[in-house]
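Written out below as C-alpha cells is the structure these notes cover.
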Amino acid sequence: MFTGLVEEVGRIGSMDREGDAMRLSISCEQVLEGVQVGESIAVNGVCLTVVGFDSDQFWTDVMPETMNRSNLGQLTLGSPVNLERALRVGDRLGGHFVQGHVDGMGRILARTPRENAVLFRIGVPPELTRWMVDQGSVAVNGISLTIVTVEPEAFTVSIIPHTLEHTQLKEAEPGDSVNIECDMIGKYAAKWAAASHGSAGAELKEVRADARF
C-alpha cells in the first residue's frame, strides 16, 4: 500500500528483457534508505519487489501482465520514474490509499500552463472514467492527484509547481503514456452499485444518487 506522495525521481539504468518479462535497474538514493530484498517500491505507480540493490540503485522484475497493463515496457534508458516506498504503520497518510495495481494507461492530451499550476488533460478508456468523479482522487504515474473534471474518455488534473518540480511530470509532454490507478474506494463503491442495480457498468454517479449526496 502506498500514499501517492512521490519520494524521489529515479532513472532507468538498465533494461534486460527476458521474453515478455523484464528486469530493471533504477538509479536512486532516498528510497534505498533501509531497503531490504523483498520489500515493495512503487515505480510510476506500479508495485514492484526489490530483488537486489547496492549503494545507488535497485533491481526489480517486471512480469508480462505488468508490461501489458503499464507504461514500464515503453521506458528507455535514462527515463525518469516516480518512486515511493510502501506505507508503514505509523506513517502519515498525506495523499490517498494507492495499491500500486494499475488499472490501465492513459495518454497526455494537453499540458496547459495556468497562473499558479499546470492543467493536464489525460485521455483514458471509458471503463476507467466510470470510476472517477469531479474532486475525487486518482493516481497518475503513482502521484496522488485530485480530479478537476471528468469527461467520457478523459479527465483533467491541476499540478501545482511543487508537485511538478519533484515528480516525473516535470518532463512529461503531450503524447506520453501514463499509468492510471483509480481510487480504491471508488472502485468498491462502483461494484456495490453494480450489485444493487444489476449492472456491471455502474458508475460512481449512481452511488452518489443512491446516497443522496
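The backbone N, Cα and C atoms fix where each Cβ goes, glycine too.
This prediction places the mean pLDDT of the domain 'Lumazine-binding' (1-96) at 93. TrEMBL lists 1-96 (among others) with the feature domain 'Lumazine-binding'.
The feature domain 'Lumazine-binding' is assigned by TrEMBL to 97-193 (among others).
Look at TrEMBL and you will find 1-96 (among others) tagged as repeat 'Lumazine-binding'.
As annotated by TrEMBL, repeat 'Lumazine-binding' applies to 97-193 (among others).
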Composition by DSSP (helix, strand, coil) of residues within the domain 'Lumazine-binding' (1-96): 12 helix, 43 strand, 41 coil
Secondary structure content of the repeat 'Lumazine-binding' (97-193), with strand meaning DSSP E or B: 23 helix, 42 strand, 32 coil
